[in-house]
Amino acid sequence: MSTTIATAAAPAGKKRAKMTDRSRAENRLGQRLVLPAVIVMLVVTAWPMIQALYLSLFRYRLTTPDDKEFVGLSNYGTVLTDSLFWQDTLNTVIIMVVTVAVELVIGFAFAMVMHRIVFARGAIRTSILIPYGIITVVSAYAWQFAFSLNNGWVNSWFEWLPWITADTNWFGSHWPAMFAIMVSEIWKTTPFMALLLLAGLSQVSEDMIEAAKVDGATWWQRLWKVIIPNMRAAIMVAVLFRALDAFRIFDNIYVMTRGAQDTESSSFLTYRQVIQQFQLGLGSALSVLLFLTVLLLAWLIVKTFRVDLAQARGEA
Amino acid sequence: MAATAGATRTKVGTWIGFIVILVWCLLPVVWILSLSFKGPGETAAGSPQFLPKDWTLQNYRDILGFGTVTPGQESTHKDFLDALRNSFGIAAIATVLSVIFATLAAYAIARLDFKGKRLVLSLALAIAMFPVVALVGPLFDLWRTLGLFNTWPGLIIPYMSFTLPLAIWTLSAFFREIPWEMEQAAQVDGATSWQAFRKVIVPLAAPGVFTAAILTFFFAWNEFVLAISLTSTTSSRTVPAQLSFFVGPDPFNPPYGLLATASVVVTVPIIIIVLLFQRKIVAGLTSGAVKG
């Protein structure tokens, strides 16, 4: 702390030499301060990932460890030619696209309300944080019971809809089960989306909106031509985070269906191979593919929105 | 005239929006609360109405272990309370350690110029997006070799790694907003550097650190994938994992009431934290993501 004062007070002539010394010291201090965090982050991710890359080249079952044998890329071949892998990837993509799209719309509406509201700001902020903070497993149970055939209220409340009757079995077939899973996911994570969008919304200048209004722009035009283009960075961040989060969906599926009715996600498949079937070789190949897919998705989203994430966060 | 009509419409719209948001957020919470007062007899017979027919505290007795416990559920409260203890301990330790490491890193990122700053931030970003399940296999193997399988540190270490990115972002955003020249001003006014740090910088930085701690705690309290994969007994199993093991004797008839009650109990701390700190949580969630 005192070095700051010392430099500031140093005579102008010596400043140059001092600065290089100082910046070298600053460089060293900065690196030392981030080192513990970097080590902890790498220990749990980089090393196991290298391990996964290595194990994915072996036939390796924990139940028969002596049978470990180098098989090259054949695990990847097995995975990529298996229809279950593609079915699960498709499920995951459907869940991701649908939930993120629905959340974006509902979250935006919520953000607009929260932005405009002048009363009970604390109450609304508190209630919107409850789904955010609640344990995903709890959300999954709450919705599983709500959709339950014998004990749920969904059937009796929505019986007036043509495709719902008193004995609609939501977990008895593929699409209704997927629907229930997505409802739980959307309920739990819309608040996060809404809060990120609210922050973006509050950065759109009121003057600009007012000017558009004076120029005769309708509400719809103001929304699409002024508000949304000015929130692109916030929307990008929200979509990126939520999409990658939704792609990893696991808890809801585990609790609500355990993968029954072909509702498995990629994460669930990987988990099942590794933990329930002890197929470390095959499971590692799945892990590596999952990781590559997430990287690809992140790259695609960043490219689509053409926003430098570091710049959006002011890190440039 | 037209302007007033527009204003009234906006007002009515905001009111409707307000009510929709409240119902959306609270309905499932009220639902598990209501379910927690339905006895096992009622749910076994099927009870599709929202509120219980006969309100009972029996589920709370079984989960928390007071009064007369339902026969066959004698060990339920012990397992649940063990899980609750593990959840609190693991989440608290992971939070404290993660926030300490993140504070050091975020201070460096916000205040110092050093080589590799961008690299650290990209690494944090990559880890925030990491598919946790991809680590389950190798970690399972590694933890068994190192003797960390089914222990507290076995969960604390990965929780730290996965909460560090969020904590670093939130904190560096907060730290960048701190008027650091105030520290020098205090020193000019005669404060020692320690006094200046303690009396000026700590109070300014504390809200950010606190917010990062809340977000970290939420993550650790919620985590499920690692909790079911890296534990095998109630000595280290956390609440989300324990909940998924409450299946009861009949797989076709899960103990609705018990699960709902356990859910209510673990949601109470979340609601308390949210009630007390809603403003800070919102600031923390958004500061790291939208503005620099």
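Just so it is clear, glycine is given a Cβ too, placed from its N, Cα and C backbone atoms.
Residue ranges A:177-202, A:229-254 are listed, and TrEMBL annotates A:177-202 among them as transmembrane segment. A contact links the transmembrane segment (A:278-302) to the transmembrane segment (A:33-54), because at least 3 Cβ pairs that are 6 or more residues apart lie under 8 A.
If one looks beyond the transmembrane segment (A:177-202) by at least 6 residues along the same chain, the residues whose Cβ comes under 8 Å of a Cβ in the stretch are 91, 94-95, 98-99, 102-104, 106-108, 110-112, 114-115, 128-132, 134, 136, 139-140, 142-144, 147, 170-171, 227, 231, 233-235, 237-238, 241-242, 245-246, 249, 252-253, 256-257, 260-261, 263.
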